[in-house]
Ligand code: MD3
Ligand code: FE
């Protein structure tokens, strides 16, 4: 999955409000990963249970005013990390600034996230098609940043049965999901190793969200 023509990926409108900013976070990638490392010292990665049994293939943690969790009460945003009983670590200013700049570049001014959700995919891990609708407001876009191993993102439509398009996401890519795209189905095919030249053994995805 080498990126032979990165210039053609610089800015790509996926559909109805979603904009791929290829390599937008590349220059900051190491700093972002360092910030992730610091966050996970306070709020370690964990595998949540999924409704219906089993556990999520991606390990997760969060920072900011809210974190997303899955427990016996279902999927929801909470202010306290259930693993530690402490508030989630603060959103680093690096995250806030990047999310704001990316949203701005995609046409969404004044984006101030309340949650930075961090997903870690070991080789073989993916995420089945789903909608993100646990936030109490769907007005704001979601900003996502891909780091480490590449992945094939599955981009669907407003209905589960709508056709999916496969979009490769590479180290440093940022996607802003606003407007109608905000409620579209999406997923991640199982990540394969040996897809990246970053030297990282996993894929990391940061998503920045407004919750309420
Ligand atoms: C489109 N994460 O955390 S990021 C998730 O790569 C999630 O870890 C995937 O789906 C990942 O919920 C995909 C891209 C993404 C994130 C949120 C969205 C696309 C989205 C919300 C609405 C529409
Ligand atoms: Fe999602």
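Glycine too: its Cβ is placed from the backbone N, Cα and C atoms.
For the Fe cation site, TrEMBL records 130, 132, and the single candidate of 47, 171, 186 listed with them is 186. For residue 186 (Fe cation binding site), applying a Cβ distance below 8 Å and a minimum sequence separation of six or more within one chain yields 129, 130, 131, 132, 153, 154, 155, 156. Under 6 Å, Cβ to nearest atom of ligand 2: this is the test, and of the binding-site residues 75, 77, 119, 121 it is passed by none. Between the binding-site residues 68, 75, 208, 208 has the most other Cβ atoms inside 10 Å of its own Cβ, all protein chains included.
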